[in-house]
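Student: Structure below; questions to follow.
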Amino acid sequence: MTEKTWSPTSRPTVSASYAFPAMVAVRLLVALVQPFDLIHDHQLSSPLTSYRNLQEGIHLFRNGIDPYSGGVFRHSPLYLSLFSTLIPKSKTFSAVLWTLCDALGAYALVHIWRARQGLGKHAHSTRDELVAGAYLFNPYLFLPSVALSTSSFENMLALLALMFASQKKQSKALLALSFLLHTSLSSLVLLAPVLLLLLSDPHSHLASPRAFSGDLKRLPSLMAEFLLYFSFLAVASCLASGGITWVSQTWGASLTLPDLTPNTGLWWYFFTEMFDHFRPFFLMVFSVHLLIYTAPVCIKFQYDLLYASFVLFGILGIFKAYPTLSDPGLFITMHVLFPEVYPYLRYPIVTALLHLHASLLMPLFHNLWLAQGTGNANFFYASTLVFACANGAAVIDALWAGLRIALGEEKEGWVIAQE
Amino acid sequence: MYLISTLVLLLCSSTIALENLVLEEEYTEYLSIRSLRDGKVASSFSFKTLLRDASPRDPRQLSFDDNQDASQHYTLFPLTLGQILRQYAITELHLTLNAGKWNYDSWGVPDEPGVGPGAELWAWMADGGTMSVDHRWQGLRNALAGLFCASLGSLDEQRTTSPQYAFPPEGTIPDLGLPHQIRHASHASEHVCTENLTPFLKLLPCKSSSGLASLLNPHRLFDADWHGMGIHVLWNPDGIEVHLNFQLVSDPLRPSTVQKQDWSLESLFDRTIQKSCPVAVTSQISVSLPSSGMYRITPEPHTLQGDNAHYELGSSLAEPFNVGIEWAGELEYPSALRDSSLMPISIHRTLQGPTQDKGRLLVTLRNNGPNELKVLYLETMPWLLQFYLHTTTMHIDGIPRNDLISNVSYILPVPHYQPATFESVLTIPGNATVRYSVDVTKAFLRYTEHPPDAQRGWDLPPAVFVPSTDSLRRMYAPALLVDLATPDFSMPYNVIIFTCSVVAFIFGSTFNLLTRKFVVVHLPEGN
């Protein structure tokens with residue numbers, strides 16, 4: 001079993017040290033120029049993450065109307081208090097803020113990579129620029145950010161939580177996680193892997209599986225600390241919004257799906273076409289279905305919880321209630337953290353072609369249905385099904401490769417199969 | 001005359017209950033006809049029944065046995081309506097069913113202000129007792145739906161609002177020691193037709209067999225350019241008044257080969273009045289006389305009051321009664337008049353945007369007078385269309401004037417449940433045109449929420465404007481049609497099957513990978 005090592009270089013080359021700022025600058029330029037008006041795009045921002053809805057909520061809040069009494073505003077009160085007090089309502093400023101948030105996400109990803117390689121915090125690896133670039137220039141991540149979708153904030157929080165967990169910074173990781181859970185309830189599936197990651201180590205053990213190495217006795221205290229932060233944020237939210245109506249309007253939305261605006265996920269058309277008397281049952285099925293992956297994935301990958309969270313990001317990108325392109329985008333970008341599994345992927349070309357197919361057809365069919373009026377809803381629905389298959393294929397392939405790597409290279413006359 | 005009507009009253013009521021004679025009931029009927037400047041003729045029938053010394057029911061008595069409520073014996077007052085009013089303890093009620101768009105600019109102020117397109121129902125109710133206001137409101141609209149054969153049942157929670165200022169009580173609110181609440185709902189796609197007129201006529205003491213009501217010929221009423229009926233119940237210290245009215249705007253120029261504006265009762269309604277209604281205290285026809293042109297009115301008016309000619313229908317008519325105006329020349333409608341408006345403000349309201357997911361609501365208000373005017377602006381918008389209030393703009397000739405909007409009150413819509421109520425005061429400087437606009441997003445509905453013929457779109461209720469100078473004279477902007485995205489209605493099973501297949505494929509493969517063991521199998525040579 002040979003594993004490539006990514007040699008640390010204590011002193012980065014001049015070109016490398018400028019690469020990261022240069023990439024951020026390019027992103028900032030595109031965000032400021034705003035070549036297209038993407039704010040309305042249903043694929044880039046869902047009703048839960050739309051910048052327009054956020055602005056409406058802030059406007060109502062500033063005018064003394066409770067934005068959670070109905071309507072379109074479904075953002076967490078944390079966003080409301082952040083944007084209504086600190087941050088000016090200017091599009092230029094927002095473009096800068098969203099770019100900075102992506103830069104922070106890229107920074108976190110680089111540091112997760114370094115922690116996984118066992119490099120020091122300040123050590124530089126030859127692959128840093130590639131990791132940052134994969135985050136900053138993935139179109140699935142970068143377009144929602146240009147469209148000012150708050151899913152960029154959620155991705156950043158998720159990566160920060162993983163980064164702190166990899167660096168064993170317990171409180172920071174739990175705080176980032178509770179922020180994440182407040183802004184997006186479906187991120188509950190990441191709770192277990194992040195807690196377990198804090199107890200174990202972020203290094204790659206895919207090739208040499210073993211039983212969970214951490215000390216599970218610390219779990220209750222971690223859980224308690226997380227609950228403390230989480231309830232603190234809940235109380236802060238209640239104070240900021242002046243009531244508890246925000247709970248049903250924000251978290252309730254991802255459970256009851258009141259807004260059927262099309263997105264890239266599987267829920268919207270399913271519940272548009274659902275018979276009324278089956279709706280509550282299927283809402284329950286879809287919500288529970290999202291959660292049932294957590295335990296098996298964490299148990300199977302108990303020796304490498306970073307990989308488990310990677311797989312769960314993929315599951316979230318397919319099955320969450322209001323996904324945007326940034327959710328599967330984060331999963332695709334995170335492939336860059338696990339180069340050791342690349343040789344074991346079975347059909348990366350097929351997956352890539354499925355993604356190409358879906359990413360070309362989705363905007364096209366969306367436009368044909370809603371703007372041109374020459375196509376109907378089934379066109380767009382069909383392209384989201386292809387997209388789900390593409391993401392599903394990627395997750396399944398990642399699972400296969402993550403497990404298959406433990407058996408090493410195939411020898412002449414022997415094949416590897418499942419029982 | 002008085003003797004006969006008293007006799008009829010006695011005959012009608014003696015079999016029911018003697019004590020009802022204590023309650024005096026008074027029925028009056030009135031028809032006003034006026035020629036409009038574009039050649040059309042507006043007629044307005046008004047039938048009023050006053051139940052003296054009666055008062056609205058206290059909702060706290062609703063829990064008591066209905067048999068103790070002895071006051072449900074009427075002679076002239078419509079019993080079916082009275083029962084509904086008492087059962088749900090309604091203080092004030094207004095129901096209008098209209099078809100067409102009232103052209104304010106060239107027709108001026110309507111005789112009855114309720115000219116909004118489609119059905120509109122609003123009621124004031126005292127809040128107290130065991131039955132909640134919303135519960136009684138639901139009962140009221142279902143009862144009225146049954147009474148008038150109209151789809152008022154669709155005026156459900158998704159269309160019901162409680163606007164604060166635009167619909168003040170037109171009568172008096174009795175002092176029951178209880179707060180009163182308003183419920184308002186409108187449904188622009190519900191049009192008035194013959195099946196609504198028949199129950200309307202049944203509420204009249206003489207039905208359509210005599211009196212002014214005999215002119216209500218459905219073939220002509222529903223052929224008019226604009227027509228609508230209204231049922232209003234209100235309370236004054238005198239008693240409870242039921243006011244039934246029917247308005248129509250007919251076009252005498254349409255059937256005539258020459259451009260002559262001539263009309264008569266016979267030409268308008270294809271009927272004349274054969275006999276008068278014996279129980280009517282007064283039965284009056286009023287014709288507003290044209291201010292210009294040579295014309296002849298027949299027969300000679302009984303009385304003249306200013307520009308109005310009055311006719312009293314006596315208790316018995318010697319010959320069928322007909323009235324009409326004949327002009328000497330053809331109608332002249334100066335083009336200069338076409339652009340001028342008879343109203344203090346002119347209103348245009350449109351929904352812009354080519355796509356099915358978003359749009360822009362644009363309201364243009366022109367102040368036709370030289371003085372600044374404040375206008376109350378009310379939108380009761382179903383949740384199908386949601387406003388982005390942060391994009392509100394006000395412009396005068398392209399110059400932003402966001403200071404012209406004030407007193408904004410906004411009740412947010414709740415998807416699948418409650419409409420939005422947006423009330424504000426707009427200030428319009430003299431002789432200026434104000435453009436108000438706001439971005440909207442169009443909702444995506446469940447497939448069961450779409451009406452039949454979903455591609456036609458949804459009728460949105462009219463906006464209401466109340467100039468501050470005349471708080472009772474509401475103006476209705478025309479209804480709008482919004483085109484919402486539709487799912488494929490034939491696909492529920494297919495979608496459930498496709499989506500579940502994809503979910504099962506991903507779940508199954510994941511389950512497979514996570515639970516089955518990896519094994520290394522030796523393949524023998526040559527196999």
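Even glycines carry a Cβ here, placed using N, Cα and C.
The transmembrane segment annotation in TrEMBL covers A:12-33, A:92-110, A:130-153, A:173-199, A:226-247, A:267-293, A:305-325, A:345-365, A:377-401.
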Student: What parts of the chain pack near the transmembrane segment (A:92-110), using Cβ distances under 8 Å and only residues at least 6 beyond its ends?
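Tutor: Sequence-distant neighbours of the transmembrane segment (A:92-110): 20, 23-24, 27-28, 31-32, 34, 51, 128, 131-132, 134-136, 141-142, 145-146, 148, 152-153, 155-156, 159-160, 162-163, 333-334, 336-337.
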Student: When you check the transmembrane segment (A:377-401) against the transmembrane segment (A:305-325), do you get at least 3 Cβ pairs under 8 Å, counting only pairs 6 or more apart in sequence?
Tutor: yes
Student: Is the transmembrane segment (A:267-293) packed against any residues at least 6 beyond its ends, judged by a Cβ distance under 8 Å, and which are they?
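Tutor: For the transmembrane segment (A:267-293), the far contacts come to 186, 188-189, 255-257, 260-261, 311-312, 315-316, 319-322, 377, 381, 384.
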Student: Pairs of Cβ atoms less than 8 Å apart decide it: which stretch in A:173-199, A:226-247, A:305-325 has the most with the transmembrane segment (A:130-153)?
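Tutor: Stretch with the highest Cβ contact count: A:305-325.
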